[in-house]
Structures are given as structure tokens and as C-alpha cells.
Amino acid sequence: MADRRTLNIVILGLGFLFIFTAFTTCGNVEHTVVKSLENSTFSGSGFHSLGIIYGVFSFSNLLAPMVVAVIGPKICMFISGLLYSGYVAVFIAPSTWALYFTSVLIGVAAALLWTAQGQFLVANSEASTINRNTGMFWALLQCSMLFGNLYVYFEWNGRTEIPDDSRRNVFLSLMVVSVVGTLSFLALSASRHEEDVLSEDEGQSLLSTPMMYKNRADSAIQDTKSDFRTIRQLLKDKTIVLLSPSMAYSGLELSFYSGVYGTCVGATAQFGAAAKGLIGISGIVVGVGEIVGGGLFGLLCKNNRFRRTSVVFLGMVVHFVAFYLIFLNTPDDAPVVFSTATQKEPFLTPSVSIALLCSFLLGLGDSCFNTQLYSILGRVYAEDSMPAFAIFKFVQSVFAAVAFFYSGYLMLTWQLLLMVILGFGGTLCFFMVERMQNFSIDLQEH
């Protein structure tokens with residue numbers, strides 16, 4: 001049983017590795033690709049597409065547990081993987097309606113996929129293996145930022161424009177990778193918990209199959225109502241209110257490092273023929289920063305309250321240094337330029353080394369904030385962790401969606417300023433929550 005569960009976790013991680021190799025690479029380059037299309041009938045925006053995805057995801061997340069409970073995590077992950085593959089396939093032969101329609105579908109698919117992943121991982125773990133299994137899964141997932149972006153670098157390095165045949169080759173390859181990841185979910189076997197549920201269902205299925213699913217749906221609806229009541233109560237809690245600016249900031253910087261900054265690097269005219277290839281390298285370096293930060297701060301500092309505040313402060317400093325260097329090194333019109341190259345001159349002569357250093361710092365800082373937000377929510381709301389994490393993902397996704405929508409209109413300076421203001425406020429509020437928790441623990445001890 002233990003071996004089968006471990007194999008399930010490995011297959012789960014590999015499936016997500018393949019699917020998100022395709023999707024994260026797609027998100028990193030899609031706005032640049034859209035701007036380079038030689039098609040007068042296409043009027044879509046990569047930023048708007050990503051904004052729709054995160055907006056739909058934020059609301060779908062609230063109902064996803066009910067759907068997963070009814071039809072099961074394995075089927076949900078398979079269907080979601082097909083929808084992810086369909087989104088990537090849109091860029092092989094782009095059309096505006098297909099881009100936005102699949103953006104809505106993938107927002108729903110993302111909510112189902114991540115909810116199902118959480119349930120499946122927990123069902124295949126025990127108290128003694130949950131940390132190991134979570135670590136195995138996230139290690140495989142984080143590698144998704146490396147391989148697809150490396151392919152983009154080799155395919156587009158030396159090109160000032162992205163020709164249609166090259167675009168088709170890249171996205172056809174990414175679609176195949178996503179389909180392989182989706183098919184891998186079919187190799188997942190049922191956990192002991194799922195077998196018990198199935199045997200119960202079979203025992204009752206002297207009732208009809210529709211009646212069996214109706215019973216599952218009724219149970220899922222009751223659980224969802226209970227979760228909504230808990231969420232409403234938590235939204236009034238002082239700790240959640242104080243952590244909201246940090247959650248919101250994580251959404252803004254998520255949109256910046258995952259879609260906007262790569263576009264800025266690729267649009268920097270001073271990088272010449274290397275610019276488009278650098279989008280891929282930038283994505284890889286962001287991934288390296290995420291992996292380094294997740295390993296150091298997620299594992300080494302997991303249970304230390306003092307270190308938690310130190311890590312968040314480090315994340316703020318690292319991000320602010322990155323924002324200042326980006327401000328100096330990147331043309332102000334990089335995110336909003338309609339052609340594929342900028343017109344404005346930055347304060348410094350753009351340096352590839354500084355641009356890639358900023359990519360690393362963005363990934364490192366993101367891991368600082370996210371690992372510590374998960375840590376403090378898990379500690380404060382140990383009994384209500386699922387509703388607390390649902391609020392976190394909701395706030396993060398809403399602000400990521402808002403950021404993607406304004407990213408195509410606001411100059412880079414204003415986008416950086418918004419993140420500095422919210423990042424500083426979020427860090428102060430995080431410190432207040434830590435101080436409240438320390439004070440509460442001191443009172444209990446005395």
C-alpha cells in the first residue's frame with residue numbers, strides 16, 4: 001500500500017510537471033506572442049486572457065470542492081488537464097473568441113485541478129508521510145518553470161520577431177507535453193480511502209447509479225454550506241483582515257513575475273536579437289529563485305515564529321531591490337508598447353545580467369511571502385485551515401486578475417509603485433499579526 005501511494009504521488013507530480021511546463025511557459029510568453037501576430041483580425045490581449053483566468057479561478061475555487069467530491073479527484077484532474085491543453089492549443093491558430101473562451105474554461109479547470117490535487121495528495125498520505133509527499137510534489141512542480149522556458153530560449157534566441165511557423169512549433173510542442181501530463185492521471189490508482197468509499201457506494205448501489213451520485217451531491221452541498229459559514233466568520237476575524245494586504249500583494253507580484261516582467265524583457269529594444277530568447281531565460285531564473293527560496297524558507301524556517309517575520313522582511317527587501325533595478329534597467333513603456341519593441345530609454349543602459357538578477361530576486365521574494373503566509377495561516381487556523389487557505393487563494397487571485405487587466409495600460413513605473421506601497425503595508429500588517437500571536441501565546445503560558 002505504501003509503495004502504491006508513493007507511486008501515486010510521483011505520478012501526480014509528473015502530471016503537474018508536464019501540464020505546468022506548458023502553461024507557465026505559455027503565460028510567460030503569450031503577451032509577447034500576441035503582439036507579434038501577423039493577423040489583422042486578431043485583437044486579443046495576453047494580459048486580459050490571464051486576468052480572466054485568475055478572475056474566474058478566484059470564484060470557481062469556492063465551489064470546486066463540491067464538484068470534486070461528487071465526481072472524484074482523478075476524473076476532475078483529467079478533465080482539467082484536457083482544458084489546459086486546449087488553452088495552449090489556441091496559440092497554434094489564434095482567434096480572439098477562442099482565446100477568451102478558453103480563458104474562462106481554464107479558470108474553472110484550475111480551481112478543479114488544484115482542489116482535486118489537494119484531496120488526492122491527502123488521501124495518499126498519512127501523518128508520517130504528508131511532509132515528504134508534499135515536498136516531492138512541490139519539487140516536481142517547481143521544475144515546470146525550467147524546461148519549457150529553456151525550449152523557448154533555444155527556439156527564439158536571435159530573433160527580433162516571432163514568425164508564425166516558429167510560434168506554431170513552440171505551442172504544438174507545449175500542447176503535446178500538456179496532453180502527456182493529462183494522460184498520466186489515468187495511471188493513478190485509488191487510495192485506500194477511495195476504495196472504502198467505492199465499496200460503500202457499491203454496497204448501496206442496489207440503489208441506482210444516479211441515486212448514488214445524488215447522495216454524494218447532497219453530502220457535498222452540506223459540506224460546502226458549512227465551509228461558507230466558516231469563511232464568513234473568518235472574514236470578520238482580525239487576523240485575516242490584517243493578513244489581507246499581504247495576500248493582495250502576493251497577487252500583484254504573482255502577475256508581475258509570471259507574465260508582465262517576461263513581456264518587459266522581450267520588449268526591451270536595447271537587447272536586440274537576444275530579447276525574445278531572454279524571455280525564456282528570465283522564466284528559468286525566476287523558477288530557480290522560487291526553488292531556492294522554497295527550499296530554504298519553507299523547510300528550514302517552518303516552525304520558527306521569529307524567523308517567519310525575518311523571512312517576510314527579507315522578501316520585502318529583496319523585492320524592493322528588484323523593483324528599483326527594474327525601474328533603472330527597463331524602459332518605462334515595456335509593458336504597454338503595442339509593437340514588439342520599446343521606444344523609451346531607461347535610466348541605465350539595459351543590462352542582461354541585471355535583468356536576470358531581477359528575475360531571480362522576483363522568484364526568491366515570492367517564495368518568501370508565500371511560504372510564510374501558508375505557515376502562519378496553518379498555525380493560526382489549524383482547525384479551519386481549508387477555509388483560511390480558500391480566503392488566501394481568493395484574495396490572491398482577485399488581485400492577480402486586477403493586475404493583469406491594468407498591466408497593459410499602466411506604465412512600468414506606476415506598476416512598480418503600486419507593488420511597493422502594498423508590499424510595505426502588507427509587511428507591516430504581517431508583523432502586527434505575528435506580534436498578536438506572540439502576545440496570545442505569552443498570555444497562555446502565564
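Here the Cβ of each residue, glycine as well, is placed from N, Cα and C on the backbone.
Unlike curated records, TrEMBL annotations are generated automatically.
As recorded in TrEMBL:
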{"type": "TRANSMEM", "residues": "7-25", "note": "transmembrane segment"}
{"type": "TRANSMEM", "residues": "45-63", "note": "transmembrane segment"}
{"type": "TRANSMEM", "residues": "75-93", "note": "transmembrane segment"}
{"type": "TRANSMEM", "residues": "99-123", "note": "transmembrane segment"}
{"type": "TRANSMEM", "residues": "135-154", "note": "transmembrane segment"}
{"type": "TRANSMEM", "residues": "170-188", "note": "transmembrane segment"}
{"type": "TRANSMEM", "residues": "239-257", "note": "transmembrane segment"}
{"type": "TRANSMEM", "residues": "277-299", "note": "transmembrane segment"}
{"type": "TRANSMEM", "residues": "311-327", "note": "transmembrane segment"}
{"type": "TRANSMEM", "residues": "347-365", "note": "transmembrane segment"}
{"type": "TRANSMEM", "residues": "386-406", "note": "transmembrane segment"}
{"type": "TRANSMEM", "residues": "412-433", "note": "transmembrane segment"}
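It is 45-63 that, among the stretches 7-25, 45-63, 412-433, forms the most Cβ pairs under 8 Å with the transmembrane segment (386-406). When Cβ-Cβ distances below 8 Å are used as the criterion, the transmembrane segment (311-327) is approached by residues 246, 253, 261, 264, 297, 301, 347, 354, 357-358, 361-362, 364-369, 371-372, 412-413, 416, 419-420, 423-424, 427, 430-431 of the same chain, each at least six residues removed from its ends. Tertiary neighbourhood of the transmembrane segment (7-25): same-chain residues 77, 81, 84-85, 87-88, 113, 117, 120-121, 124-125, 133, 136-137, 139-141, 143-145, 147-149, 151-152, 174-175, 177-178, 180-182, 184-185, 187-189, 191, 258, 280, 283, selected by CB-CB distance under 8 Å and a gap of 6+ residues from either end. For the transmembrane segment (170-188), the residues of the chain that approach it from at least six positions outside its boundaries are 8, 11-12, 14-19, 21-23, 25-26, 29, 74, 77-78, 81-82, 84-85, 88-89, 91-92, 120, 148, 151-152, 155-156, judged by C-beta separation under 8 angstroms. Long-range neighbours of the transmembrane segment (412-433) within the same chain, counting only residues 6 or more positions beyond its ends whose Cβ lies under 8 Å from a Cβ of the stretch, are 239, 242-249, 252-253, 256, 260, 264, 309, 312-313, 315-316, 319-320, 323, 326-327, 330-335, 369, 372, 376, 380, 403, 406. Of the Cβ pairs linking the transmembrane segment (239-257) with the transmembrane segment (75-93) and spaced 6 or more residues apart, fewer than 3 are under 8 Å, so the two regions do not touch. No contact links the transmembrane segment (45-63) to the transmembrane segment (277-299), because fewer than 3 Cβ pairs that are 6 or more residues apart lie under 8 A.
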